[in-house]
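Here the structure comes first, spelled out in structure tokens, and everything after it is commentary.
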Amino acid sequence: MPQQTAVVVLAAGAGTRMRSKTPKVLHSLAGRSMLAHALHAANEIDPTHLITVVGHDREQVGAAVAAVAGELGREIVPALQEQQLGTGHAVQCALRALPADFAGDLLVTSADVPLLDGHTLGALLDEHRSYQERSAVTVLTFVPDDPNGYGRIVRDADGQVVEIVEHADATPEQAAITEVNSGVYAFDATVLRAMIGRLSTANAQHELYLTDVLRLAREAGHPVHGARLLDAAKVTGVNDRVQLSIATRTMNRYILERHMRAGVTIIDPASTWVDAGVRIGRDAVLRPGVQLLGSTVIGEDAEIGPDSTLTDVRVGDGAKVVRTHGEGATIGPNASVGPFAYLRPGTILGEAGKLGAFVETKNADIGAHSKVPHLTYVGDATIGEHSNIGASSVFVNYDGVKKHHTVVGSHVRTGSDTMFVAPVTVGDGAYTAAGTVLRRNVPPGALAVSGGPQKNIENWVQRHRPGTAAATAAAQALAADEKSSQATEQKDGEQ
């Protein structure tokens, strides 16, 4: 029977240094809250039990835990820490949420360490289980640029971990140690249960330190171990907005490197941002200034950018998207979008379709090979295949109270400046003349022309706008025309 594993994510702290109405662990980077990153990482090692300790802002944090549980399709048990009496007390609360007979390994991590990934947790668990057949306690350690504030890892002459001394309790000699505690641990659950009840608040913080379990286990003759992590960034905590900004940039670097190693070309990583939940196909190209956010999916051989932001957008294989802002849209294979297009939620562009310069769409289903080349708004509409919408056309979908739908068939050609006053239907193969205002349905194959013959009211400007620059220009032009006409008549008379 496989050995059981539990993961405890500590998320009960107040996080006052963030100076925010939002709980610290719910601040986001790369499209997920710090808490969500921690839970996703824990889930990657497929634990038997996943527990989150909540305290401050328990309603908000608890709701976030439930949301992540839904995303992952698994149970995440919240454990309430009524009073924040230290990390040892938090784990005591978590143990109550575990089955009484659980005797596997228990990992402890924190929700404010968002860069810690499942691979690192898995490696820690493997080392914990292999050290002297099975360690009682394994602590993940690292060497930061500035160890101030971290608990120091005290080792003996043989390099074995003796204890962890919190910064506030460290002697000058101990404070000089550069190897520190990451706050990430692996425990033998049976040993942990035996030792955690012996914790004391006799320290500078008057709290129950989880770190003391390591010392107590060693004194009881159990093997303890320190596993050093070379990439310190992965276990760097986030306590304020400056650290959040640093962590955000570091996580983006990790994400971009992962995609590049998987076959994605990223021209300028310094100007490219990709959320953790984004998927990108092989041989796709991201040009400078690209942001891929939310659950965006980019197909193989697609080209995105420059200067494009896509949120929850699906882009098909081979599509090209240039200087575009898109939200909740679907772009078909080999389609072309941009520059300066705005795709709003509900937009579907079919295979090899085109949305060109200064086109805005919303709740629009545009068929394969159809084109909306430029300067057009398409809202609440269905357009068939192989149709072309002329420049400066508007789908007039709102009557001031509710919105209405327009249907344009396949192989339709509309002239520039066509107004589709919904609800209206244009049949397959129909045409519209430039400047047409469609208020009635157009039969298949018909040419729609609206308005009467053009009427010119001569000298209107001079009569109604006398003294203006327009009136002066008109008078001069008319005089020049009259002079030219007289000269022509004189020349004809001489002949």
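Positions of Cβ are set from backbone N, Cα and C atoms, glycine also.
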Taking S370, S416, S484 as the options, which does Swiss-Prot list with A391, N397, Y398, A434 at the acetyl-CoA site?
S416
Spatially closest candidate among D112, N239, A391, S416, A434, the listed binding-site residues, to L10 (UDP-N-acetyl-alpha-D-glucosamine binding site) (Cα to Cα)
D112
Could you give the residue numbers and ranges of same-chain residues that sit at least 6 residues beyond the region 'Disordered' (467-495) on either side and whose C-beta is under 8 angstroms from one of its C-beta atoms?
459, 461
In the structure shown, with every protein chain counted, which of the binding-site residues Y377, Y398 has the densest set of Cβ atoms within 10 angstroms of its Cβ?
Y377
Which of the three DSSP-derived classes (helix, strand, coil) applies to K24 (UDP-N-acetyl-alpha-D-glucosamine binding site)?
helix
Please report the three-state DSSP label of N181 (UDP-N-acetyl-alpha-D-glucosamine binding site).
strand
Spatial neighbours of H374 (active site, proton acceptor) among the binding-site residues K24, G151, A391, using Cα within 10 Å, are A391
Just to be sure I understand, if DSSP states are collapsed into helix, strand and coil, how many residues of the compositional bias 'Low complexity' (468-479) fall in each?
11 helix, 0 strand, 1 coil
